[in-house]
Every structure is written in C-alpha cells, then in structure tokens.
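A quick write-up on the structure given underneath.
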Amino acid sequence: MTASLSLGWPAPAKLNLFLHINAQRHDGYHELQTLFQFIEHCDYLDFKVLDTPKLKLHSNMSSAVADSDNLILKAAKSLQQRTDCQLGAEIWLDKRLPMGGGLGGGSSDAATTLVALNQLWETGLSLRELGEIGLKLGADVPVFINGFSAFAEGVGEKLQNVEPAEPWYLVLTPQVHVSTAEVFQDPDLPRNTPKLSLESLMNSPWQNDCQTLVAKRYPQVAKTLAWLLEYAPSRMTGTGACVFGQFEQEQEAKDVLAKLPASIQGFVAKGANISPLMLRLAQC
C-alpha cells in the first residue's frame with residue numbers, strides 16, 4: 001500500500017448535560033447516570049498511512065507529551081494489536097479543545113484515531129468492537145465512537161442513544177486544572193443519588209453531582225459559574241473545570257461571550273446529537 005494522506009478528522013467535545021453519581025463499587029469505580037451530547041467544537045487529526053507499523057505523532061501543543069498524545073498513540077497501537085495490522089501511521093493533531101476541562105478532548109482524540117485508522121487501514125472492525133478497544137483506554141471513549149448523543153449508565157459504558165434538543169452553548173474555561181481522580185476520591189462527593197428511568201431523568205431538572213464539591217475546592221470554577229448563571233441556565237460538565245450556559249439562539253450566546261471578563265476564556269458552539277466524526281466517516 002502506498003502512503004496516503006487523509007485530512008480533517010474531527011474529535012468533538014462533549015458536554016454532560018447531567019451527571020448523577022449513584023454508588024461506589026467495591027472495585028473503586030462509581031456507578032453513574034449521565035447524558036452526553038456533542039458540540040460542534042473539535043480537535044482535528046490528519047493521518048498518513050505508512051507501509052510499516054511505525055507510529056509517529058505531531059502536535060501543535062507546547063508540552064512535549066500530553067495525555068491526549070499518549071491516548072492517540074495507545075489507540076493506534078491497540079488497533080494494530082487487535083487486528084494484527086502491519087501498517088502504521090503518521091498523525092497530526094491540531095489541538096483546539098482545552099485540556100482537563102471536562103470536555104473529553106483526550107478521549108475524543110483516541111476515538112477519532114480508532115475510527116479513522118480502522119477505515120484507512122481497512123481493518124474492518126465494527127463500531128461495537130472499536131468501542132471495546134476504546135473502553136480500555138478510558139470510560140468516555142466509547143461514547144465518542146458510538147457517535148450519537150447518549151444516556152450512559154454503569155461506569156459510563158452502557159449507552160442508549162437519545163435525541164435531546166440541540167441548543168447553542170456558551171462554554172467557559174476557567175484557568176484551573178481539575179483532577180478527575182481527586183474529585184472521585186473525595187469523601188465529600190455525593191454518591192447516593194437514586195437511579196431513575198431515562199424518561200424520569202429527561203423530565204426532571206438536570207444537575208451535576210460533582211459541581212458543588214468542585215466549586216468549593218476551586219474558587220475560579222465557582223466564580224465563573226456564578227457569572228454565567230446571571231445570563232442563562234448553567235452547569236459544570238464532567239468533573240470540570242468547564243461550565244456551560246444554554247441559549248436558544250446563537251446571537252444570544254455571542255452577546256454574552258462579548259461581555260466575558262478578560263480573565264475568563266470561552267467559545268460558542270451548537271449542540272449536536274450526531275457527532276461530526278460520524279459525518280466525516282460518511283464521506284469515505
């Protein structure tokens with residue numbers, strides 16, 4: 001096979017529209033219920049297929065090796081091992097999503113790597129099989145491979161496609177890094193939210209069980225959330241630090257973005273129930 005270049009594979013961000021922690025298992029993992037929705041704000045990856053199993057990553061990130069970089073290479077290596085593929089790839093990452101913000105950027109990069117290389121290497125795995133590989137890389141990876149907004153249960157691996165409204169979001173990124181591990185290890189984290197049916201959850205007020213704890217531990221998150229709540233219904237996504245406000249119209253979100261204090265960064269993006277990654281895959 002001669003080297004070929006495939007451009008513009010999106011790795012979209014996600015929002016947790018709600019996140020409920022139901023229990024802690026004996027193995028330390030947490031049972032949860034959450035609703036994932038994609039937003040049209042993405043990292044982008046380019047791939048060049050190589051005739052040898054070599055894997056090489058280029059990134060626009062200043063740090064030498066970041067978590068997302070590791071996951072990209074781990075994803076590619078895992079696909080090689082699962083399929084005994086003897087091809088390799090040169091990969092370019094255009095990193096646009098904030099790191100460690102609860103938007104799933106590293107997991108999304110890994111998912112896009114698996115989906116793209118499965119196509120380009122012609123390894124022929126189904127999305128379900130790719131999801132099995134992805135789950136070993138991170139609990140959020142399967143939802144990005146699944147490619148549709150989803151209600152997730154268990155530790156996040158049990159997915160059911162859903163179609164919530166697709167509003168505009170203003171996403172703000174406080175300049176702090178929240179450790180997911182520390183949040184889930186904190187004794188003050190609520191772990192007893194009752195499990196509810198999907199129908200009940202979709203018709204109940206949405207909340208993030210991690211939000212109160214994170215806001216208490218990270219004043220910048222609390223300050224940013226309080227500012228955004230002045231303009232729209234707002235919550236934290238994942239374990240933070242990013243928070244989002246919901247708007248019916250794009251211009252409404254942009255008007256609030258224009259008022260943003262200089263100390264806070266943010267962007268406007270539309271909710272998407274079909275992942276931009278699936279739309280890119282359909283072009284192949």
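Using N, Cα and C of the backbone, Cβ positions are placed for all residues, glycine too.
Annotated active site per Swiss-Prot: Lys14 (among others), in sequence order. For Lys14 (active site), the Cβ neighbour count at a 10 Å cut-off comes to 26, with all displayed protein chains included. Lys14 (active site) carries a strand DSSP state (E or B).
Annotation for Asp140 (active site): same-chain Cβ neighbours under 8 Å, separated by at least 6 residues, are Lys14, Phe36, Gly104, Ser107, Ser108, Gly156. The feature active site is assigned by Swiss-Prot to Asp140 (among others), with sequence analysis given as support.
In the three-state DSSP reading, Gly102 (ATP binding site) counts as coil. Residues or ranges marked as ATP binding site by Swiss-Prot on the basis of sequence analysis: Pro98, Met99, Gly100, Gly101, Gly102, Leu103, Gly104, Gly105, Gly106, Ser107, Ser108.
Cβ contacts within 10 Å of Gly102 (ATP binding site), excluding its own Cβ and spanning all protein chains shown: 30. When the binding-site residues Gly100, Gly106 are scored by other C-beta atoms within 10 Å, Gly106 scores highest. Taking each Cβ in turn and tallying the other Cβ atoms within 10 Å, the top scorer among the binding-site residues Pro98, Gly104 is Gly104.
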